[in-house]
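Contents: one structure, followed by commentary.
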Amino acid sequence: MTSKPKLVDSRTGSSKVSRQPEVQPIPPLESAPVRFFLPLNIAFYLLLSSHAIAALYAPIQDCDETYNYWEPLHYLTHGYGRQTWEYSPEFGIRSWAYILIHAIPAKIIGLLSHSKTTEFYGLRLVLAAVCASTETRLYSAISRILNPRIAIVYLMIVAFSPGFFYASAALLPSSFAMYTSALGLTCFIDRRAGLKTASGIMWFAIGGLLGWPFAAALILPFVAEDFLIAAVGGNYIFDVFVRYLNGAARSLVVLALQVGVDSLFFGKLIVVPWQIVAYNVFGGQDRGPDIFGTEPWHYYARNLLLNFNLWFILAVISAPLFILQSLILNQASTAQSRLRTLTLLAPFYLWLGIFSVQPHKEERFIYPAYPFLALNAAIAFHSLLVWIGSSDSIIFGKIPTRLKFAGTLPVVFLAINIGLLRIAGTLTAYRAPLEIYSALNTPGLNVTGQNICLGKDWYRFPSSHFLPNDSRAKFIKSEFDGLLPGEYPEWNFTSSYFPGTWIIPDGMNDLNQEDPGKHVDIEQCTYLVDSQFEDTRATEHEPLYIRDDKWEHVSCIPFLDTSKTGLIARTIWVPDIPLVPPKYRRHWGQHCLLRRKTVE
(Lines of atoms letter the chains of each structure in order from A and count residues from 1; the text may use other names and numbers.)
(Lines give C-alpha, C1' and ligand atoms only; values in the text may rest on other atoms or scores of the structure.)
Protein backbone atom coordinates (compact mmCIF):
# COMPACT_ATOMS: atom_id res chain seq x y z
CA MET A 1 0.00 0.00 0.00
CA THR A 2 1.28 3.44 -0.90
CA SER A 3 1.42 5.82 2.04
CA LYS A 4 -0.34 9.16 1.71
CA PRO A 5 1.79 12.31 1.47
CA LYS A 6 2.29 14.09 4.78
CA LEU A 7 2.62 17.76 5.54
CA VAL A 8 5.09 17.08 8.32
CA ASP A 9 7.32 14.17 9.23
CA SER A 10 5.87 12.85 12.50
CA ARG A 11 9.29 11.88 13.83
CA THR A 12 11.54 14.79 12.87
CA GLY A 13 9.07 17.59 12.29
CA SER A 14 10.72 18.42 8.96
CA SER A 15 8.63 19.53 6.02
CA LYS A 16 7.83 17.06 3.26
CA VAL A 17 6.63 17.73 -0.23
CA SER A 18 2.88 17.37 -0.12
CA ARG A 19 0.27 17.67 -2.80
CA GLN A 20 -2.32 19.39 -0.60
CA PRO A 21 -2.72 20.73 2.94
CA GLU A 22 -4.10 17.53 4.39
CA VAL A 23 -5.47 17.86 7.90
CA GLN A 24 -6.09 14.75 9.96
CA PRO A 25 -9.50 14.80 11.70
CA ILE A 26 -8.12 13.53 15.04
CA PRO A 27 -4.34 13.41 14.72
CA PRO A 28 -2.53 11.23 17.25
CA LEU A 29 -0.19 12.85 19.73
CA GLU A 30 2.92 11.43 18.09
CA SER A 31 2.08 13.08 14.76
CA ALA A 32 2.80 16.56 16.10
CA PRO A 33 6.00 18.20 14.86
CA VAL A 34 8.71 18.61 17.44
CA ARG A 35 9.88 22.02 16.23
CA PHE A 36 8.57 25.29 14.82
CA PHE A 37 9.91 27.40 11.98
CA LEU A 38 9.92 30.19 14.58
CA PRO A 39 10.08 29.29 18.30
CA LEU A 40 7.00 30.09 20.35
CA ASN A 41 8.72 32.68 22.52
CA ILE A 42 10.06 34.54 19.47
CA ALA A 43 6.62 34.37 17.82
CA PHE A 44 5.03 35.83 20.95
CA TYR A 45 7.56 38.67 21.17
CA LEU A 46 7.05 39.47 17.50
CA LEU A 47 3.28 39.66 17.93
CA LEU A 48 3.58 41.57 21.19
CA SER A 49 5.90 44.12 19.58
CA SER A 50 3.49 44.69 16.70
CA HIS A 51 0.46 45.03 18.98
CA ALA A 52 2.33 47.18 21.52
CA ILE A 53 3.08 49.70 18.77
CA ALA A 54 -0.64 49.74 18.01
CA ALA A 55 -1.43 50.21 21.70
CA LEU A 56 0.90 53.19 22.01
CA TYR A 57 0.36 54.92 18.68
CA ALA A 58 -2.77 53.76 16.83
CA PRO A 59 -5.59 56.32 16.67
CA ILE A 60 -9.06 55.33 17.79
CA GLN A 61 -10.83 54.12 14.65
CA ASP A 62 -14.44 54.63 15.72
CA CYS A 63 -16.20 57.00 18.11
CA ASP A 64 -18.19 54.01 19.38
CA GLU A 65 -14.98 52.81 21.02
CA THR A 66 -14.70 56.12 22.86
CA TYR A 67 -18.26 56.65 23.98
CA ASN A 68 -19.49 53.08 24.40
CA TYR A 69 -16.40 51.61 26.07
CA TRP A 70 -13.69 54.07 27.15
CA GLU A 71 -16.16 56.53 28.69
CA PRO A 72 -18.11 53.91 30.72
CA LEU A 73 -14.76 52.52 31.88
CA HIS A 74 -13.69 56.03 32.89
CA TYR A 75 -16.95 56.34 34.82
CA LEU A 76 -16.22 53.20 36.82
CA THR A 77 -12.63 54.21 37.55
CA HIS A 78 -13.01 57.99 38.02
CA GLY A 79 -16.68 58.67 38.70
CA TYR A 80 -17.65 60.70 35.63
CA GLY A 81 -17.87 60.42 31.87
CA ARG A 82 -20.15 60.63 28.85
CA GLN A 83 -23.11 58.24 28.63
CA THR A 84 -24.68 56.84 25.46
CA TRP A 85 -28.30 55.77 25.16
CA GLU A 86 -27.20 52.13 24.92
CA TYR A 87 -26.26 52.20 28.63
CA SER A 88 -29.59 53.58 29.77
CA PRO A 89 -31.42 50.89 31.82
CA GLU A 90 -34.35 51.58 29.51
CA PHE A 91 -32.45 49.94 26.63
CA GLY A 92 -29.50 48.05 28.17
CA ILE A 93 -27.71 46.85 25.05
CA ARG A 94 -24.18 47.20 26.41
CA SER A 95 -22.72 44.91 29.04
CA TRP A 96 -21.26 46.33 32.25
CA ALA A 97 -19.65 42.94 32.83
CA TYR A 98 -17.49 43.54 29.76
CA ILE A 99 -16.54 47.00 31.05
CA LEU A 100 -15.83 45.68 34.55
CA ILE A 101 -13.28 43.08 33.47
CA HIS A 102 -11.34 45.89 31.77
CA ALA A 103 -11.91 48.46 34.52
CA ILE A 104 -10.15 46.29 37.11
CA PRO A 105 -6.70 46.25 35.41
CA ALA A 106 -7.22 49.87 34.31
CA LYS A 107 -7.83 50.96 37.91
CA ILE A 108 -4.73 49.11 39.10
CA ILE A 109 -2.64 50.82 36.43
CA GLY A 110 -4.13 54.18 37.37
CA LEU A 111 -3.39 53.70 41.07
CA LEU A 112 0.21 52.77 40.34
CA SER A 113 0.84 55.57 37.85
CA HIS A 114 -1.39 58.40 39.16
CA SER A 115 -2.03 59.27 35.51
CA LYS A 116 -5.22 58.80 33.52
CA THR A 117 -3.31 58.87 30.24
CA THR A 118 -1.00 56.13 31.49
CA GLU A 119 -4.11 54.20 32.52
CA PHE A 120 -5.41 54.49 28.95
CA TYR A 121 -2.21 53.33 27.27
CA GLY A 122 -1.50 50.77 30.01
CA LEU A 123 -4.82 49.04 29.42
CA ARG A 124 -4.14 49.07 25.70
CA LEU A 125 -0.83 47.33 26.36
CA VAL A 126 -2.64 44.71 28.45
CA LEU A 127 -5.03 44.11 25.55
CA ALA A 128 -2.05 43.86 23.17
CA ALA A 129 -0.46 41.20 25.39
CA VAL A 130 -3.71 39.23 25.64
CA CYS A 131 -4.14 39.37 21.88
CA ALA A 132 -0.55 38.23 21.28
CA SER A 133 -1.05 35.33 23.72
CA THR A 134 -4.16 34.04 21.96
CA GLU A 135 -2.50 34.33 18.56
CA THR A 136 0.60 32.51 19.78
CA ARG A 137 -1.55 29.63 21.00
CA LEU A 138 -3.21 29.42 17.61
CA TYR A 139 0.18 29.62 15.88
CA SER A 140 1.36 26.70 18.03
CA ALA A 141 -1.68 24.59 17.15
CA ILE A 142 -1.38 25.31 13.43
CA SER A 143 2.31 24.44 13.45
CA ARG A 144 1.88 21.21 15.42
CA ILE A 145 -1.28 19.91 13.77
CA LEU A 146 -1.44 21.34 10.25
CA ASN A 147 1.99 22.39 9.01
CA PRO A 148 4.79 24.69 10.22
CA ARG A 149 4.77 26.46 6.87
CA ILE A 150 1.07 27.28 7.22
CA ALA A 151 1.84 28.53 10.72
CA ILE A 152 4.66 30.84 9.67
CA VAL A 153 2.49 32.41 6.96
CA TYR A 154 -0.29 32.85 9.52
CA LEU A 155 2.22 34.55 11.82
CA MET A 156 3.32 36.98 9.10
CA ILE A 157 -0.28 37.92 8.36
CA VAL A 158 -1.12 38.54 12.01
CA ALA A 159 2.06 40.49 12.77
CA PHE A 160 2.17 42.77 9.73
CA SER A 161 -1.40 43.29 8.49
CA PRO A 162 -3.13 46.61 9.18
CA GLY A 163 -6.35 44.77 10.07
CA PHE A 164 -4.80 43.00 13.04
CA PHE A 165 -2.86 46.15 13.93
CA TYR A 166 -6.07 48.16 14.35
CA ALA A 167 -8.04 45.41 16.11
CA SER A 168 -5.39 44.04 18.46
CA ALA A 169 -5.44 46.71 21.18
CA ALA A 170 -8.89 48.22 20.62
CA LEU A 171 -11.30 48.34 23.56
CA LEU A 172 -14.14 46.78 21.58
CA PRO A 173 -16.32 43.69 22.11
CA SER A 174 -15.51 42.67 18.54
CA SER A 175 -11.78 42.70 19.39
CA PHE A 176 -12.55 40.68 22.52
CA ALA A 177 -14.48 38.23 20.33
CA MET A 178 -11.45 38.07 18.02
CA TYR A 179 -9.33 36.91 20.98
CA THR A 180 -11.85 34.23 21.96
CA SER A 181 -12.32 33.16 18.33
CA ALA A 182 -8.59 32.44 18.16
CA LEU A 183 -8.81 30.36 21.34
CA GLY A 184 -11.92 28.54 20.14
CA LEU A 185 -10.31 27.78 16.79
CA THR A 186 -7.24 26.49 18.63
CA CYS A 187 -9.40 24.01 20.53
CA PHE A 188 -10.99 22.65 17.38
CA ILE A 189 -7.61 22.33 15.61
CA ASP A 190 -5.51 20.89 18.43
CA ARG A 191 -6.89 17.45 19.23
CA ARG A 192 -3.63 15.80 20.26
CA ALA A 193 -4.84 15.06 23.79
CA GLY A 194 -8.39 14.28 22.70
CA LEU A 195 -11.29 16.33 21.45
CA LYS A 196 -11.57 19.76 23.05
CA THR A 197 -15.11 20.46 21.88
CA ALA A 198 -16.34 21.63 25.29
CA SER A 199 -13.48 24.12 25.61
CA GLY A 200 -14.05 25.34 22.07
CA ILE A 201 -17.75 25.88 22.77
CA MET A 202 -16.87 27.75 25.95
CA TRP A 203 -14.49 30.15 24.21
CA PHE A 204 -16.93 30.94 21.41
CA ALA A 205 -19.64 31.40 24.04
CA ILE A 206 -17.48 33.80 26.06
CA GLY A 207 -16.88 35.82 22.90
CA GLY A 208 -20.58 35.80 22.10
CA LEU A 209 -21.78 36.61 25.62
CA LEU A 210 -19.24 39.08 27.00
CA GLY A 211 -18.19 40.31 23.56
CA TRP A 212 -20.56 40.31 20.62
CA PRO A 213 -23.42 37.76 20.41
CA PHE A 214 -23.15 37.28 16.67
CA ALA A 215 -19.56 36.08 17.00
CA ALA A 216 -20.94 32.77 18.28
CA ALA A 217 -22.01 32.00 14.69
CA LEU A 218 -18.38 31.21 13.87
CA ILE A 219 -18.70 27.88 15.67
CA LEU A 220 -21.46 26.61 13.36
CA PRO A 221 -19.20 24.84 10.80
CA PHE A 222 -17.50 22.91 13.62
CA VAL A 223 -20.88 21.92 15.04
CA ALA A 224 -22.03 20.76 11.61
CA GLU A 225 -18.86 18.71 11.17
CA ASP A 226 -19.23 17.00 14.54
CA PHE A 227 -22.84 16.01 13.99
CA LEU A 228 -22.21 14.94 10.39
CA ILE A 229 -19.42 12.60 11.50
CA ALA A 230 -21.60 11.35 14.35
CA ALA A 231 -24.51 10.71 12.00
CA VAL A 232 -22.32 8.77 9.58
CA GLY A 233 -20.45 6.90 12.31
CA GLY A 234 -23.53 6.09 14.35
CA ASN A 235 -21.59 5.03 17.44
CA TYR A 236 -20.33 8.53 18.24
CA ILE A 237 -23.63 10.36 18.74
CA PHE A 238 -23.61 9.86 22.52
CA ASP A 239 -20.03 11.13 22.81
CA VAL A 240 -20.94 14.21 20.78
CA PHE A 241 -23.96 14.82 22.99
CA VAL A 242 -21.83 14.60 26.14
CA ARG A 243 -19.21 16.99 24.77
CA TYR A 244 -21.80 19.56 23.76
CA LEU A 245 -23.62 19.22 27.06
CA ASN A 246 -20.30 19.90 28.80
CA GLY A 247 -19.68 22.96 26.63
CA ALA A 248 -23.23 24.23 27.17
CA ALA A 249 -22.87 23.86 30.94
CA ARG A 250 -19.67 25.94 30.93
CA SER A 251 -21.36 28.56 28.77
CA LEU A 252 -24.34 28.76 31.12
CA VAL A 253 -21.99 29.44 34.02
CA VAL A 254 -20.49 32.36 32.08
CA LEU A 255 -23.98 33.61 31.20
CA ALA A 256 -25.12 33.38 34.83
CA LEU A 257 -22.13 35.42 36.01
CA GLN A 258 -22.73 38.01 33.31
CA VAL A 259 -26.44 38.31 34.07
CA GLY A 260 -25.61 38.73 37.75
CA VAL A 261 -23.12 41.54 37.12
CA ASP A 262 -25.25 43.33 34.53
CA SER A 263 -28.39 43.06 36.64
CA LEU A 264 -26.52 44.50 39.62
CA PHE A 265 -25.35 47.48 37.61
CA PHE A 266 -28.62 48.13 35.75
CA GLY A 267 -30.70 47.63 38.89
CA LYS A 268 -32.97 45.08 37.27
CA LEU A 269 -32.82 41.57 35.82
CA ILE A 270 -31.39 41.85 32.32
CA VAL A 271 -29.79 39.54 29.73
CA VAL A 272 -27.67 41.90 27.65
CA PRO A 273 -26.76 39.43 24.84
CA TRP A 274 -30.46 38.93 24.17
CA GLN A 275 -31.04 42.69 24.31
CA ILE A 276 -28.38 43.17 21.63
CA VAL A 277 -29.85 40.49 19.37
CA ALA A 278 -33.39 41.79 19.86
CA TYR A 279 -32.37 45.34 19.00
CA ASN A 280 -30.38 44.40 15.90
CA VAL A 281 -32.75 41.76 14.53
CA PHE A 282 -36.18 42.70 15.86
CA GLY A 283 -35.77 46.46 16.32
CA GLY A 284 -38.86 47.35 14.33
CA GLN A 285 -39.64 50.21 11.99
CA ASP A 286 -37.41 53.29 12.26
CA ARG A 287 -35.29 51.50 14.82
CA GLY A 288 -32.30 49.22 14.72
CA PRO A 289 -28.77 49.72 13.42
CA ASP A 290 -29.74 50.87 9.92
CA ILE A 291 -30.72 54.34 11.16
CA PHE A 292 -27.02 55.00 11.81
CA GLY A 293 -26.09 54.52 8.16
CA THR A 294 -25.85 51.80 5.53
CA GLU A 295 -23.17 50.64 3.12
CA PRO A 296 -23.20 48.64 -0.17
CA TRP A 297 -22.68 44.87 -0.11
CA HIS A 298 -19.04 45.17 -1.22
CA TYR A 299 -18.03 47.39 1.73
CA TYR A 300 -16.28 44.58 3.60
CA ALA A 301 -14.54 43.29 0.48
CA ARG A 302 -13.06 46.75 -0.15
CA ASN A 303 -12.16 47.20 3.51
CA LEU A 304 -10.48 43.82 3.79
CA LEU A 305 -8.58 44.40 0.56
CA LEU A 306 -7.21 47.62 2.05
CA ASN A 307 -6.29 46.04 5.37
CA PHE A 308 -5.04 42.64 4.14
CA ASN A 309 -4.26 43.18 0.41
CA LEU A 310 -2.88 39.87 -0.99
CA TRP A 311 -3.91 37.89 2.09
CA PHE A 312 -7.60 38.73 1.62
CA ILE A 313 -7.47 37.52 -1.99
CA LEU A 314 -5.86 34.27 -0.85
CA ALA A 315 -8.46 33.85 1.89
CA VAL A 316 -11.27 34.23 -0.65
CA ILE A 317 -9.80 31.65 -3.05
CA SER A 318 -8.76 29.18 -0.33
CA ALA A 319 -11.81 26.91 -0.60
CA PRO A 320 -11.97 26.86 -4.43
CA LEU A 321 -8.23 26.20 -4.50
CA PHE A 322 -8.57 23.29 -2.09
CA ILE A 323 -11.48 21.82 -4.05
CA LEU A 324 -9.47 22.21 -7.27
CA GLN A 325 -6.54 20.32 -5.79
CA SER A 326 -8.74 17.61 -4.29
CA LEU A 327 -11.01 16.95 -7.25
CA ILE A 328 -9.64 18.26 -10.52
CA LEU A 329 -6.00 17.48 -9.77
CA ASN A 330 -7.08 14.23 -8.07
CA GLN A 331 -4.75 14.69 -5.13
CA ALA A 332 -4.74 12.01 -2.49
CA SER A 333 -6.69 12.64 0.70
CA THR A 334 -9.33 10.93 2.78
CA ALA A 335 -12.95 12.04 2.98
CA GLN A 336 -12.49 12.97 6.63
CA SER A 337 -9.40 15.01 5.80
CA ARG A 338 -11.26 16.92 3.10
CA LEU A 339 -14.16 17.54 5.46
CA ARG A 340 -11.77 18.72 8.18
CA THR A 341 -10.06 21.21 5.85
CA LEU A 342 -13.34 22.56 4.49
CA THR A 343 -14.60 22.96 8.05
CA LEU A 344 -11.58 25.07 8.94
CA LEU A 345 -12.07 27.21 5.84
CA ALA A 346 -15.84 27.66 6.20
CA PRO A 347 -16.19 30.15 9.12
CA PHE A 348 -14.58 33.01 7.21
CA TYR A 349 -16.97 32.57 4.28
CA LEU A 350 -19.91 32.25 6.65
CA TRP A 351 -19.02 35.49 8.44
CA LEU A 352 -18.27 37.44 5.28
CA GLY A 353 -21.51 36.25 3.67
CA ILE A 354 -23.72 37.04 6.66
CA PHE A 355 -22.40 40.53 7.22
CA SER A 356 -22.04 41.52 3.57
CA VAL A 357 -25.83 41.33 3.16
CA GLN A 358 -26.52 43.44 6.28
CA PRO A 359 -27.21 47.08 5.34
CA HIS A 360 -25.46 48.58 8.39
CA LYS A 361 -21.74 47.88 8.25
CA GLU A 362 -18.79 48.83 10.42
CA GLU A 363 -15.15 47.82 10.04
CA ARG A 364 -15.10 46.42 13.58
CA PHE A 365 -17.90 43.95 12.78
CA ILE A 366 -15.45 41.81 10.83
CA TYR A 367 -12.84 41.61 13.62
CA PRO A 368 -14.03 38.26 15.08
CA ALA A 369 -13.36 36.57 11.73
CA TYR A 370 -9.78 37.85 11.40
CA PRO A 371 -8.16 34.64 12.78
CA PHE A 372 -10.09 32.64 10.21
CA LEU A 373 -9.11 35.00 7.41
CA ALA A 374 -5.45 34.58 8.36
CA LEU A 375 -5.79 30.79 8.51
CA ASN A 376 -7.57 30.62 5.14
CA ALA A 377 -4.92 32.80 3.51
CA ALA A 378 -2.09 30.77 5.04
CA ILE A 379 -3.59 27.47 3.84
CA ALA A 380 -4.12 28.89 0.35
CA PHE A 381 -0.57 30.23 0.19
CA HIS A 382 0.80 26.88 1.37
CA SER A 383 -1.26 25.08 -1.27
CA LEU A 384 0.14 27.32 -3.99
CA LEU A 385 3.68 26.72 -2.75
CA VAL A 386 3.10 22.96 -2.83
CA TRP A 387 1.73 23.19 -6.36
CA ILE A 388 4.56 25.43 -7.56
CA GLY A 389 7.17 23.28 -5.83
CA SER A 390 5.87 19.99 -7.20
CA SER A 391 8.07 18.35 -9.83
CA ASP A 392 4.90 16.84 -11.36
CA SER A 393 3.42 20.24 -12.18
CA ILE A 394 3.09 20.73 -15.93
CA ILE A 395 3.53 24.49 -15.60
CA PHE A 396 6.15 24.76 -12.85
CA GLY A 397 7.76 21.31 -12.91
CA LYS A 398 10.74 22.28 -15.07
CA ILE A 399 11.54 25.58 -13.30
CA PRO A 400 14.58 25.34 -10.96
CA THR A 401 13.73 25.39 -7.26
CA ARG A 402 15.86 28.45 -6.52
CA LEU A 403 14.13 30.39 -9.28
CA LYS A 404 10.73 29.43 -7.87
CA PHE A 405 11.80 30.62 -4.44
CA ALA A 406 13.19 33.85 -5.88
CA GLY A 407 9.86 34.48 -7.61
CA THR A 408 7.75 33.79 -4.52
CA LEU A 409 9.68 35.78 -1.94
CA PRO A 410 9.12 39.24 -3.49
CA VAL A 411 5.36 38.63 -3.46
CA VAL A 412 5.45 38.05 0.30
CA PHE A 413 7.67 41.08 0.90
CA LEU A 414 5.38 43.22 -1.26
CA ALA A 415 2.30 42.18 0.74
CA ILE A 416 4.08 42.89 4.03
CA ASN A 417 5.43 46.25 2.87
CA ILE A 418 2.05 47.41 1.57
CA GLY A 419 0.60 46.58 4.98
CA LEU A 420 3.37 48.43 6.81
CA LEU A 421 2.97 51.46 4.55
CA ARG A 422 -0.74 51.56 5.33
CA ILE A 423 -0.02 51.35 9.06
CA ALA A 424 2.55 54.15 8.78
CA GLY A 425 0.08 56.24 6.81
CA THR A 426 -2.59 55.86 9.49
CA LEU A 427 -0.23 56.64 12.37
CA THR A 428 1.08 59.82 10.76
CA ALA A 429 -2.26 61.05 9.40
CA TYR A 430 -4.79 60.67 12.21
CA ARG A 431 -3.00 60.85 15.57
CA ALA A 432 -3.84 64.49 16.27
CA PRO A 433 -6.84 63.75 18.56
CA LEU A 434 -4.61 61.62 20.80
CA GLU A 435 -1.90 64.28 20.98
CA ILE A 436 -3.76 67.58 21.18
CA TYR A 437 -4.89 67.26 24.80
CA SER A 438 -1.36 66.92 26.17
CA ALA A 439 -1.13 70.71 25.81
CA LEU A 440 -3.56 70.99 28.75
CA ASN A 441 -0.65 70.01 30.99
CA THR A 442 1.38 73.06 29.93
CA PRO A 443 2.54 75.01 33.02
CA GLY A 444 0.63 78.25 33.46
CA LEU A 445 -2.62 77.08 31.85
CA ASN A 446 -5.63 77.41 34.14
CA VAL A 447 -7.41 74.12 33.47
CA THR A 448 -8.82 73.32 36.91
CA GLY A 449 -12.61 73.20 36.82
CA GLN A 450 -12.77 74.33 33.20
CA ASN A 451 -14.89 72.96 30.37
CA ILE A 452 -13.22 71.60 27.24
CA CYS A 453 -15.86 71.89 24.53
CA LEU A 454 -16.36 69.92 21.35
CA GLY A 455 -18.42 70.99 18.36
CA LYS A 456 -18.17 69.36 14.96
CA ASP A 457 -15.21 67.30 16.20
CA TRP A 458 -17.19 65.56 18.95
CA TYR A 459 -16.68 62.16 17.28
CA ARG A 460 -12.88 62.55 17.35
CA PHE A 461 -12.71 62.90 21.14
CA PRO A 462 -10.47 60.05 22.44
CA SER A 463 -12.00 59.90 25.97
CA SER A 464 -11.93 61.68 29.31
CA HIS A 465 -8.66 59.87 30.08
CA PHE A 466 -6.92 62.69 28.22
CA LEU A 467 -8.44 65.49 30.31
CA PRO A 468 -7.20 66.75 33.69
CA ASN A 469 -9.13 65.36 36.66
CA ASP A 470 -11.11 68.54 37.34
CA SER A 471 -12.01 69.26 33.71
CA ARG A 472 -15.05 68.03 31.83
CA ALA A 473 -15.81 67.45 28.16
CA LYS A 474 -18.90 69.36 26.97
CA PHE A 475 -20.72 69.56 23.65
CA ILE A 476 -21.75 72.71 21.85
CA LYS A 477 -24.26 72.82 19.01
CA SER A 478 -22.94 71.81 15.58
CA GLU A 479 -24.53 70.76 12.30
CA PHE A 480 -24.82 67.20 13.62
CA ASP A 481 -28.52 66.60 14.29
CA GLY A 482 -28.38 63.14 15.87
CA LEU A 483 -28.32 62.08 19.51
CA LEU A 484 -25.12 62.98 21.34
CA PRO A 485 -23.94 61.17 24.48
CA GLY A 486 -25.14 62.61 27.77
CA GLU A 487 -23.34 62.65 31.11
CA TYR A 488 -23.32 60.06 33.87
CA PRO A 489 -24.36 61.34 37.31
CA GLU A 490 -21.04 61.85 39.06
CA TRP A 491 -20.10 59.78 42.10
CA ASN A 492 -17.23 59.48 44.53
CA PHE A 493 -16.23 57.06 47.25
CA THR A 494 -18.36 58.86 49.85
CA SER A 495 -21.58 58.60 47.80
CA SER A 496 -23.55 55.67 46.40
CA TYR A 497 -21.62 53.63 43.88
CA PHE A 498 -22.22 54.07 40.15
CA PRO A 499 -25.69 55.70 40.25
CA GLY A 500 -25.40 56.37 36.52
CA THR A 501 -25.63 52.67 35.76
CA TRP A 502 -29.14 52.24 37.20
CA ILE A 503 -30.72 55.73 37.04
CA ILE A 504 -32.67 56.26 33.80
CA PRO A 505 -31.21 59.43 32.22
CA ASP A 506 -33.26 62.16 30.58
CA GLY A 507 -33.26 62.79 26.87
CA MET A 508 -32.26 59.31 25.67
CA ASN A 509 -33.87 57.52 22.73
CA ASP A 510 -33.09 54.71 20.31
CA LEU A 511 -34.16 56.70 17.25
CA ASN A 512 -31.03 58.87 16.96
CA GLN A 513 -33.17 61.95 17.55
CA GLU A 514 -31.38 65.06 18.74
CA ASP A 515 -31.73 66.17 22.36
CA PRO A 516 -30.94 69.89 22.86
CA GLY A 517 -30.20 69.16 26.51
CA LYS A 518 -26.91 67.57 25.49
CA HIS A 519 -25.50 70.98 24.46
CA VAL A 520 -24.04 73.79 26.56
CA ASP A 521 -23.77 77.44 25.62
CA ILE A 522 -20.37 78.28 24.18
CA GLU A 523 -19.99 80.96 26.83
CA GLN A 524 -19.47 78.13 29.31
CA CYS A 525 -16.40 76.95 27.39
CA THR A 526 -12.91 77.98 28.40
CA TYR A 527 -11.26 75.60 25.93
CA LEU A 528 -12.50 74.42 22.56
CA VAL A 529 -11.32 71.76 20.12
CA ASP A 530 -11.83 72.55 16.45
CA SER A 531 -10.41 71.53 13.09
CA GLN A 532 -10.06 73.25 9.75
CA PHE A 533 -9.36 71.98 6.25
CA GLU A 534 -9.02 73.69 2.89
CA ASP A 535 -12.69 73.27 1.98
CA THR A 536 -14.04 74.05 5.46
CA ARG A 537 -16.72 76.71 5.26
CA ALA A 538 -18.42 78.52 8.12
CA THR A 539 -22.05 77.65 8.82
CA GLU A 540 -24.60 78.89 11.32
CA HIS A 541 -23.66 76.29 13.93
CA GLU A 542 -20.06 75.71 12.86
CA PRO A 543 -18.21 79.03 12.61
CA LEU A 544 -14.49 78.94 11.95
CA TYR A 545 -13.37 79.14 15.56
CA ILE A 546 -9.75 78.69 14.53
CA ARG A 547 -9.90 82.08 12.77
CA ASP A 548 -12.00 83.76 15.45
CA ASP A 549 -10.18 86.52 17.36
CA LYS A 550 -11.98 85.49 20.54
CA TRP A 551 -9.91 82.30 20.66
CA GLU A 552 -6.17 81.80 20.86
CA HIS A 553 -4.30 78.71 19.72
CA VAL A 554 -2.91 76.57 22.52
CA SER A 555 -1.78 73.80 20.18
CA CYS A 556 -2.39 72.81 16.57
CA ILE A 557 -1.41 69.47 15.05
CA PRO A 558 -1.57 68.47 11.35
CA PHE A 559 -4.50 66.25 10.40
CA LEU A 560 -4.91 64.62 6.99
CA ASP A 561 -7.32 66.41 4.66
CA THR A 562 -8.98 63.40 3.06
CA SER A 563 -11.07 65.51 0.68
CA LYS A 564 -7.93 66.90 -0.99
CA THR A 565 -5.68 63.85 -0.71
CA GLY A 566 -5.72 61.29 -3.51
CA LEU A 567 -6.55 57.61 -3.14
CA ILE A 568 -2.95 56.36 -3.00
CA ALA A 569 -1.88 58.89 -0.36
CA ARG A 570 -4.99 58.11 1.71
CA THR A 571 -4.30 54.39 1.47
CA ILE A 572 -0.58 54.20 2.28
CA TRP A 573 2.16 56.42 3.65
CA VAL A 574 3.63 58.86 1.14
CA PRO A 575 6.60 61.03 2.18
CA ASP A 576 5.94 64.76 2.43
CA ILE A 577 8.74 65.82 0.10
CA PRO A 578 8.76 68.07 -3.00
CA LEU A 579 9.80 65.17 -5.26
CA VAL A 580 6.33 63.63 -4.92
CA PRO A 581 3.99 64.92 -7.68
CA PRO A 582 1.21 67.15 -6.26
CA LYS A 583 -1.59 64.73 -7.10
CA TYR A 584 0.12 61.99 -5.07
CA ARG A 585 0.96 64.14 -2.06
CA ARG A 586 -0.83 64.19 1.25
CA HIS A 587 -2.67 67.42 1.99
CA TRP A 588 -3.15 68.64 5.53
CA GLY A 589 -5.57 70.52 7.70
CA GLN A 590 -5.14 71.27 11.38
CA HIS A 591 -6.70 70.00 14.58
CA CYS A 592 -6.46 72.65 17.29
CA LEU A 593 -6.96 73.19 20.98
CA LEU A 594 -8.17 76.75 21.49
CA ARG A 595 -8.49 78.89 24.61
CA ARG A 596 -10.90 81.76 25.09
CA LYS A 597 -9.05 85.05 25.27
CA THR A 598 -9.49 86.95 28.48
CA VAL A 599 -10.97 90.42 28.25
CA GLU A 600 -8.58 93.03 29.61
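Glycine too: its Cβ is placed from the backbone N, Cα and C atoms.
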Students should find that the transmembrane segment stretch in TrEMBL, chosen from 95-113, 171-189, is 171-189
Same-chain residues at least 6 beyond the ends of the transmembrane segment (409-430) with CB under 8 Å of its CB atoms are 57-59, 156, 160-162, 165-166, 306-311, 559-560, 569-574, 586
- Please check if the transmembrane segment (341-359) comes into contact with the transmembrane segment (227-245), where contact means 3 or more CB pairs closer than 8 Å and the residues in each pair are separated by 6 or more positions. no
Tertiary contacts of the transmembrane segment (146-165), defined by C-beta under 8 angstroms and 6+ residue spacing from its ends, are 7-8, 13, 15, 18, 21, 23, 33, 35-38, 43, 46-47, 50-51, 53-54, 58, 135, 138-140, 189, 304, 306-308, 311, 370, 373-375, 377-379, 381-382, 385, 412, 416, 419-420, 422-423, 426
Is it true that the transmembrane segment (365-388) and the transmembrane segment (201-221) have 3 or more Cβ pairs under 8 Å, skipping pairs fewer than 6 apart in sequence? yes
If one takes Cβ-Cβ under 8 Å and requires six or more residues beyond its ends, the residues near the transmembrane segment (252-276) are 89, 91-97, 100, 202, 205-206, 208-210, 212-213, 498, 501-502
